[in-house]
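Enquirer: Attaching a single structure in structure tokens format; questions to follow.
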Amino acid sequence: MRVLGLETSCDETGVAVYDSAQGLLAHRLYSQVKLHAEYGGVVPELASRDHVRKLLPLIDEVMAASGSTAADIDAIAYTAGPGLIGALMVGAAFGRSLAYAWGIPAVGVHHMEGHLLAPMLEAVPPEFPFVALLVSGGHTQLVKVMAIGDYELLGESIDDAAGEAFDKAAKMLDLDYPGGPQIARLAEQGVHGRFKFPRPMVDRPGLAFSFSGLKTATLTAVNAHKQANGLPDDQTCADIACAFQEAVVDTLVIKCRRALEQTGMKTLVIAGGVSANKKLRADLEVELARIGARVFYARHEFCTDNGAMIAYAGCQRLLAGQQEGLAIHVKARWPLNSLSSL
């Protein structure tokens, strides 16, 4: 089965062609970072309009790159949620309309299921069952994964997602949007130990996360330095970024190890934008090796939103016989554990 995948849940337009026999044939991604940078964050209406402009040219490009014609495509998969409702509607309406015109089925894909399954596109994919850490700007969740669609939520953030905390800490340090990668780069120049921030909720049983207190601690450190010494210099900003990143990564690593120990599993999958963080990957590999566990993740280009993960996830559901009517349904909020198993 050959599937055209469309991703438009937020500020990236992703298109890909995946073939169940040949694997990923082609993918393209257009990022709206420059469009939203002057506003310091994503403007939903601008995101929707830019998806309208970019989607068709990207489809043409991917179809050509994959050597596919309309007759070669067996189905279309599009992101149906969660995400920005207007952006989702662009991809859903386009995907449904194109599928109707080509006389093929279309299926709506859960955005976070796409992220969760992105490591399956690697040469050495993880095997079920495993624990997944979904960590992005909108989600921080630990999920027990028995099979595609068989998900049990083990714990999640009770306030901000880790990626959102990265972005807000970056604003405190007057870094450019998007903040997460900026914090990570700046942290590499920081001095370890100059600032110390809490590891939220690691002293409590359970697998819930909280990052609002860490944001407050970071803001307090920035303001205290301003009052005593004026605006932080470059080295001070790097030291704060280093301490902040260490606190987030330590918290995630501790909870991931705890989740594996509680479930008795030996495989962890990390997915979502924050899974591209080099320190998170390195620290997880070291910590999990101590308990004989392994960590899997997607290549960097598939950590952020992309069409390849949507094409793959949609293909698996279509191969399992999932069918949908012609009505367009998208959801700004959509619990992962509400999905049907295959």
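Each Cβ is built from the backbone N, Cα and C atoms, and glycine gets one as well.
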Enquirer: In Swiss-Prot, the residues L134, V135, S136, G137, G138, D167, N277 are said to bind substrate. Which of G149, G155, G180 is said to bind at that same site?
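Expert: Answer per Swiss-Prot: G180.
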Enquirer: Check the DSSP secondary structure of V135 (substrate binding site), expressed as helix, strand or coil.
Expert: strand
Enquirer: Between the Cα atoms of D305 (Fe cation binding site) and N277 (substrate binding site), what distance do you get, rounded to the nearest Å?
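Expert: One finds 15 Å between the Cα atoms of these residues.
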Enquirer: For D167 (substrate binding site), name the DSSP secondary structure in the helix/strand/coil scheme.
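Expert: Helix, per DSSP.
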Enquirer: I need the neighbours of the Fe cation site defined by H111, H115, D305. Which other residues of that chain put their C-beta within 8 angstroms of the C-beta centroid, in sequence order?
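Expert: Result: E7, S9, T79, M112, G114, S136, G272, N306, M309, I310.
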